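For reference, the structure discussed in these notes is given below.
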C-alpha cells in the first residue's frame, strides 16, 4: 500500500510539474497564439449574442413544431417576430433612450452643481456643525472637476476607439442573423454530429452531458432575461410615478445590471439614487423604496417562478466567481461567469460519474453536487 501511495504521489507530481512547464512555455511563446486570440475575439460577440437569442427563442420553435408547423417555417416566423420587435425598438424606445442619454450628458455639470448645493445645505445643519464638512465638500468638488475633465479629454481623444466600436457593432449586426439561422436549423443535429467522433461506449454519456448543458443554459438564459425584463420595466414605471428624470435610461440600467447576481441590483440603482440626491433627499428615499419593493417581488415571486433551481449554487461560490470573473474580464466576465461555471460543474460531474463506474468511487448525489 505504501508503494502504491508513493507511486501515485510521484505520478501526480510529474503531472503537475509537466502542467507548470507547459504553462510557463505558453507564456513565453504567446505571440504564436495571437492570431487565434484575434480570431476568437472576433467571433466571440456574434456567437454570444446569437447563442443568447437561440436559447431565448428556441422554446418557441419547439412550440410551433408541436402544432405540426415545419421547422423551416417556424424559423421564418421567429425571424419575423424578431424583426418586428427590433423595428419597434428602433422606432420607439431607442430614440427616446438616445435622447435621454444626450440630455443627461448636457445636464451633467448642472446636476453636479446642484449636488454641491445639497451638500452645502447638509453641512449647515446644526447636528453636523462639529464635522469639518466644508473640507470634504471642497475635496469632492476637486475630484468631480478632475472627473469631468478626464471624461471630456477621454471622449475627445477616443475617435478611433468609437470607430472601432461602430465596426464591431456592424459586424455583430451582420453576422448574428446568419449564425442564429444555422443554430435554429442545425442546433438539434449538433449532439449527434459531436458523438460521431466519440467511441461507441461513451456516446450515450456524451449525449447526456450535452443534454444537461443545454437544459441548464436554456433555463438560465430564458429565466434571467425574464427577470431582467421585470426589474427594468418595474423600475421604469416606478421612476415615472415619482417624476424621476431619465426614467427610461435608468430603468434600462437597472434591468441590464440585474443579470449580475447579488451585486447587480446595487449597481443598477446607484445612478438613480445619485441623480435623485441632486434633486432632493426625499426623492432618493423614494428611489430606494421602489428598488426594495422590486427586489422583494423578484426574490419571493418572479425568480423562484421563472428560474426554479436551474443554477443551485452556494452564495459564497457565486460571490467568489463574480470577483474572479470581474477581475479577469470586467463586466462581461461577471455576466458570463456564472453560466460558464455551471457548465464546468456539469462536465466535472459527468467525468466523476464516468470514473466512478470504472473504479467504484463513492458517487456524489445531486444535492451534494449543487452545493458546490
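Heads up, the Cβ atoms here are built off N, Cα and C, so glycines get one too.
TrEMBL: automatically predicted annotations, no manual curation.
Among the residue ranges 318-344, 345-371, the one that TrEMBL annotates as transmembrane segment is 318-344. Of the candidate ranges 75-98, 227-253, 259-277, 284-306, 259-277 has the most C-beta pairs within less than 8 angstroms of the transmembrane segment (318-344). For the transmembrane segment (259-277), the most Cβ-contacting stretch among 75-98, 227-253, 284-306 is 227-253 (pairs under 8 Å).
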